[in-house]
């Protein structure tokens, strides 16, 4: 499998990638959103896909998780074509958290997280001590053990998102794909959730996520994939990728890129039409 | 937040019997057993009531295989088909409602609202009024039952395909169902208005939903169909738990949700069709039973077994009330409508408050 080489750049990372898209074309109802795209997800790091609205970043994530079937090209998971794998086997390797999931009213936190064990269960073996142990660890890792008996709908947005991530963890995969995990969260809760994602990465998970907020993406990712109009404009470490020129090219955003006073990554300062002192722009 | 030691068990305990293991839910099991007992009691009570009253203890003795010769004849030959029909139809409606409500993730999505019952009604009335006077063959109840089943299945498929837009959305399913339901009602009304008055009376009686004059033959057919469908549904139901979390989460958890949903929806439509063909379109049981079961069992989603039992309890109980409450015996559908109407209002008001 490793002999299959991608002609594009990043060839070194490709050999190690557990998840990769090769020349995929995918769209909705005849309209192609992504056309002939190649990408490889480096293992053990946080990869974040960014790009303007409608550029295909969620489409790419959904294609990588097999929610969407490409009309051309393949997605490769651990060396195998993901379309040819059994749905259950994919679920044992790859955890997925869709955008803004909704739990039934009254469902408790422990019940929701327990459902993450589904790929490991069968009609006869619906619950084992293994399952209980994994669920308890997932609850503890996300700091929601104390909420176990509460209904999910009674929690705050930030707690709720932690619970959903906990369910994805209970699935027991070390490959996590999160579609906009900070949607509808205020900044404090968004930071809280992303700190949790970083903890998971520290514990050995490979994470791929879609984020809207550029500064959060820059702060929390080791690998950025910048998309525009269905193709990848740039990919790499935020320090190498984020420049004023790129932001203009990708988003049509005029911005200053400065050093982050509290971090070791660049900080993006958007420049609008008003409330800006033009002589201050570096 | 990284505490790896868990002081107490925060997750549900499991039960293990050899290779089989499942989550131990004492409350759900307790409620289910109580429902079994209550259903059996009402079942026997319903058999005992009639022109020739039989005491409860004698009914139970006879049902369990003993009893006197006279009791055996009255109970097993005369009254059992009606009671059994109530049991089977109630279970079929309850489970059917639990399935459709779970699939659509909406308490309003019962076979009544989705047009399945209405479709079965329209086709049956068509049979009675248009060809009823002429052909003797279709006059038979078997023809009527088959027509109801076909009508329910056809309407169910129609609603499913009309609601399909690269997937099934619960709300769209309900809205299409209500529209198709209205069309079916209109067809039924039109048939009744234009038909011969004798046929109309017969069709009307059937349309209310009734357990009168059931024969062993009809009941046996309904019983076997229901049993087979329940087995299929319970096999697929294991895949169902993740589906309460939405299609994409279910897909992430390894469920082929389109296939599972299609199988379960087909089961639900056929169960409702069997029920309608056995007792006519008894209204509201499929809507009310799963919601009552949910509240009794304290489950966030309709529990299958408990929903079926509540359905049976509701139908047999309503039939008992219909036969005894007033000097003249009413069809069971009148009573279930009287209970179900206010319950629908309650659900709508509650949905609006959220």
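The backbone N, Cα and C atoms fix where each Cβ goes, glycine too.
TrEMBL labels come from automatic prediction, so no person has curated them.
TrEMBL lists B:27-49 (among others) with the feature transmembrane segment.
As annotated by TrEMBL, transmembrane segment applies to B:83-104 (among others). Below 8 angstroms of C-beta separation, residues 39, 43, 46-47, 110-111, 114, 168, 170-171, 173-174, 211, 214, 218-219, 222-223, 226, 229-230, 233, 240, 243-244, 261, 264-265, 267-269, 271-272, 274-275, 278-279, 282, 285-291, 293, 301-304, 307-316, 319, 332 of the same chain, each at least six residues beyond the ends of the transmembrane segment (B:83-104), sit close to that stretch.
The transmembrane segment annotation in TrEMBL covers B:116-137 (among others).
Feature annotation from TrEMBL assigns transmembrane segment to B:144-164 (among others).
Sequence annotations record features per position, and here TrEMBL assigns transmembrane segment to B:170-193 (among others).
Here the transmembrane segment (B:221-240) has Cβ contacts under 8 Å with residues 84-85, 88-89, 91-92, 95, 99, 102, 145, 255-256, 260, 263-264, 267-268, 270-271, 274-275, 277-278, 304, 308 of the same chain, all six or more residues outside its ends. Residues annotated as transmembrane segment in TrEMBL: B:221-240 (among others).
The transmembrane segment annotation in TrEMBL covers B:260-289 (among others). Within the chain carrying the transmembrane segment (B:260-289), a Cβ under 8 angstroms from the stretch's Cβ atoms is held by residues 85-86, 88-90, 92-100, 102-103, 107-108, 110-113, 116-118, 120-121, 124, 144-153, 156-157, 160, 168, 206-211, 214, 218-219, 221-222, 225-226, 229-230, 232-233, 236-237, 239-240, 243, 307-308, 310-311, 314-315, 318, 331-333, 336-337, 339-341, 343-344, 347, all 6 or more beyond its ends.
What TrEMBL lists as transmembrane segment is B:301-322 (among others). Residues 28, 31-32, 35-36, 38-39, 42-43, 45-46, 49, 82-83, 86-87, 89-95, 97-99, 101-102, 211, 230, 233-234, 237, 244, 279, 282, 285-286, 288-294, 329-332, 334-336, 339 of the same chain, all 6+ positions outside the transmembrane segment (B:301-322), place their C-beta atoms under 8 angstroms from a C-beta of that stretch.
Annotated transmembrane segment per TrEMBL: B:328-349 (among others), in sequence order. Under 8 Å from some Cβ of the transmembrane segment (B:328-349) lie the Cβ atoms of residues 86, 107-108, 205, 208-212, 279-285, 287-288, 291, 314-315, 318-319, 321-322, all in the same chain and six or more residues away from its ends.
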Tertiary contacts of the transmembrane segment (B:27-49), as residues 6+ beyond its ends and Cβ separation under 8 Å: 55-56, 58-60, 63, 75, 79-80, 82-83, 86-87, 293, 296-299, 303, 305-306, 309-310, 312-313, 316-317, 319-320, 323-324
